[in-house]
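First the structure, in the form of structure tokens, and then the observations on it.
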């Protein structure tokens, strides 16, 4: 029986009859109603979560497209074909490239921004809202706007470059430049969000640690790197993992950055086609090759798991250096 | 505030710079939306609004490729339904996980946390095949039903219920003869209101913004969500950028409105969640 019932303080018994029936009812209630309450999630998850997950793997072992009526089992053929597919590797490099170019500056900028916000500011909420507002905008809408800002002839970015005497950059047809433009879009959306998460963690650091560091002669910069950053490590790892899961799945930004014919390719020569776009191109319009697309999906999942694990290892190692915090953090 | 934490003029300068970068693309979106289409070819680019917004809006709604009005209505239907449902079911399940004891509780909670880690992309293809079998392709249930309750929502409500509701309160209600359902309605739900509001706001914004799955499953151009209308506008053969930008501005406006009204709560929700994470 549940602990709650056992823990009840003894009460005067209510009149016999009525208590009997309501007691049985309430026992039934406490025992089974929790399952009733969580059932909707698990039901929905079973149908639209677990089943598709397992089924993706099943489909990936078949030659399965929209038109064919039978789907012959082909074993690992989709996977072996994929590993020899130049466009797949191209998309993989694009995805990793955009991921690195966007994530590293994003986390550094977020740290800097959080440090700015962690001061006695006038209009505190106003500043926080200002840095968070990109995060609440429509991704597709903003990608269109950035596509124009990074336009070749009349884009504002090239106009600014021209003002300071630099050459215009082909933001859409140069592979590396398109990575940078898309990273700018990603960072614009996520830096403020990460800054607020880091800010919350900064505010949880006890003030006397800083006072102790100041007495030991550490200046502001030293305090930041020797007290703040080490204590933020768990939060930084959290942000890095969230950025990994999101960054490696990038779709809407690069997809909407391009327009014209076949934008799902991310540019005429697949300059910025990500893995998710490649999966989409194969699984849906124009190819509708579900088996092949599913193989891409599974390799993408494996990639995310690997990169997230590497993230944790690297960040643990980086932050594990000696410092005053070990004793102070007690 | 101790002297360690004073903000210098330099701090404000840096913040003005950061805030400017944040706000400018949104501002510029509204600028172009309010000008005629030749604004796009002007250098230096215009940065103040013009008087063409009304004309752009009527051209946008007349555009026969974008089905913008349908998209807007569909998005309102989808986002509202999903929001109400997610808040309802998540607060039920969150309450059960935080305050009721039952066999397998911790294991099931772990399952929920694990579901939050799995990328949605992984399931898109079978989900599409499933929708084909259900004959839901091109129809709104396809984008509503799979997200009627989310692992994130359940987890968030569970975290909040754990700290906001005292066991004594529930015990007292039980002593008064309340069944679990009545306890949820009369005791738990009122106490969960702040978290429910944040969850509702986040869910509304996420659903309104959703792109990949609607793009995959809603292939009928005449029945889009607003994000798909934007795609149609942007991929159009002939691009009238002030019209496209009017579309992006209208699609962003509800989100900005929500943010201006409830920004404080959203920020609170993000920062509180962070401390626990």
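Glycine is no exception: its Cβ is also placed from the backbone N, Cα and C atoms.
Just so it is clear, the model here is predicted, and its values are computed rather than measured.
So that you can see what the record holds, here are the features copied from TrEMBL:
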- A:92-311: domain 'ABC transmembrane type-1' (DOMAIN)
- A:1-24: region 'Disordered' (REGION)
- A:35-58: transmembrane segment (TRANSMEM)
- A:88-117: transmembrane segment (TRANSMEM)
- A:129-150: transmembrane segment (TRANSMEM)
- A:231-251: transmembrane segment (TRANSMEM)
- A:295-315: transmembrane segment (TRANSMEM)
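For the transmembrane segment (A:129-150), the residues of the chain that approach it from at least six positions outside its boundaries are 113, 117, 156-158, 171-172, 181, 184-185, 188-193, 195-196, 252-253, 255-259, judged by C-beta separation under 8 angstroms. Ranked by number of Cβ pairs under 8 Å to the transmembrane segment (A:35-58), the listed stretches A:88-117, A:231-251, A:295-315 are led by A:295-315. Tertiary neighbourhood of the transmembrane segment (A:231-251): same-chain residues 95-96, 98-99, 102-103, 106-107, 110-111, 182, 186, 190, 194, 197-198, 200-202, 205, 209, 274-277, 280, 300, 303-304, 307-308, 311-312, 315-316, 319, 325, 329, selected by CB-CB distance under 8 Å and a gap of 6+ residues from either end.
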